Amino acid sequence: MVYSSGSWRDAYKGMSSDNVKGLVLALSSSIFIGASFIVKKKGLKKAGASGLRAGSGGYSYLLEPLWWIGMITMIVGEIANFAAYAFAPAILVTPLGALSIIISASLAHIILQEKLHTFGILGCALCIVGSVTIVLHAPQEQDIVSVLEVWNLATEPAFLFYAAAVVGAAIVLIVQFIPLYGQSHVMVYIGVCSLIGSLSVMSVKALGIALKLTFSGTNQLGYPQTWVFTVIVLFCVITQMNYLNKALDTFNTAVVSPIYYVMFTSLTILASVIMFKDWDRQSGTQIMTELCGFVTILSGTFLLHTTTDMVDGESKGNLSSEEDSHLLLRIPKHSEDSNGFVQDGIILSLRRQESAKSPRPARQNKQLEDDLEAVPLRRQESSLRS
């Protein structure tokens, strides 16, 4: 496809004033939301120490002031995010959540001692590059003069089909998969958050447009569609927060944040393209550049996820001597504890710090070998008695 110089300049004529306002609001939103992840995680840990953890179905965190501070911080960020959607298209606003990933991963490394690998830092850089690429090629916000226009877009067959598919998938995850895999697979909780979140963003954008028009002198509060969007926003946000709390309480923050960002952003962009037809106002070059930027973000989040697993593996296998490695190879790994391996009721602690500081005495090694050799004999005696 060939473009004239005039059409090329039109395609890259720069950001409108509304897009700039949306950009500033989205950046400030990411800062607040990224910090709120850490504050809420601290509150969840503190509440879980004295009550039933959120990941196990408990709600003791509702009585924890630190969790509420994190929640208020997140609400401030969400308000800024809400306002950003009223001024700019979702394709511009949503990818800037990459900044919240960087903030939450960095603070988790500093405050929560959740180690961030060197390649994780590279992943953060890729997230920034991808976000900047998308921002520079984002579509201009279309001119909407009434909430009825948004309602007409939301009730077109294509978006109704998408909404039905999202709700159906979320119900299947909640009913079938969460009871079985919620505590072991991070994608289950985050899947519910992301699916419902894509609908909440579309409703938030509709409500934001209605309020913006109302404040500018064109009252939209008299339309029932405005209140329908309000109810949808409330329902979706409550659902998102519930399952996001479970994900944060169950899994590492440095893992939850990037995966949630990728899924949420992908589904939100898809919903925006279907409902608001953002790509209809762009050239093929711009669309491909946006997709390349998004793939760059995906690469960054993949690095963050992968290097977190590498750090966990290093911390669990960090033994100082060849004898330690030899002994561990002789232990059938039936189940794994957070600090060691469990075999026939005997917990063999790795004691990473002690082994790193000084070698184990020969007498201690001999005693450990004797204990290991005695395990099969104990099992035989137990079977004979039974």
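Backbone N, Cα and C atoms are what each Cβ position is placed from, and that goes for glycine too.
Over in Swiss-Prot, the protein carries these features:
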type	residues	note
TOPO_DOM	1-18	topological domain 'Extracellular'
TRANSMEM	19-39	transmembrane segment
TOPO_DOM	40-61	topological domain 'Cytoplasmic'
TRANSMEM	62-82	transmembrane segment
TRANSMEM	83-103	transmembrane segment
TOPO_DOM	104-115	topological domain 'Cytoplasmic'
TRANSMEM	116-136	transmembrane segment
TOPO_DOM	137-157	topological domain 'Extracellular'
TRANSMEM	158-178	transmembrane segment
TOPO_DOM	179-189	topological domain 'Cytoplasmic'
TRANSMEM	190-210	transmembrane segment
TOPO_DOM	211-220	topological domain 'Extracellular'
TRANSMEM	221-241	transmembrane segment
TOPO_DOM	242-255	topological domain 'Cytoplasmic'
TRANSMEM	256-276	transmembrane segment
TOPO_DOM	277-283	topological domain 'Extracellular'
TRANSMEM	284-304	transmembrane segment
TOPO_DOM	305-386	topological domain 'Cytoplasmic'
REGION	352-386	region 'Disordered'
COMPBIAS	376-386	compositional bias 'Basic and acidic residues'
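The residues of the topological domain 'Cytoplasmic' (242-255), classed with DSSP into helix (H, G, I), strand (E, B) and coil, number 12 helix, 0 strand, 2 coil. Most Cβ pairs under 8 A with the transmembrane segment (83-103) among the ranges 19-39, 221-241, 256-276, 284-304 are made by 19-39. Of the ranges 19-39, 190-210, 221-241, 256-276, 284-304, the one with the most Cβ pairs under 8 Å to the transmembrane segment (116-136) is 284-304. For the transmembrane segment (19-39), the most Cβ-contacting stretch among 221-241, 256-276, 284-304 is 256-276 (pairs under 8 Å). The recorded stretches the transmembrane segment (158-178) and the transmembrane segment (284-304) do not share 3+ CB pairs below 8 A when only pairs 6 or more apart in sequence are counted, and are therefore not in contact.
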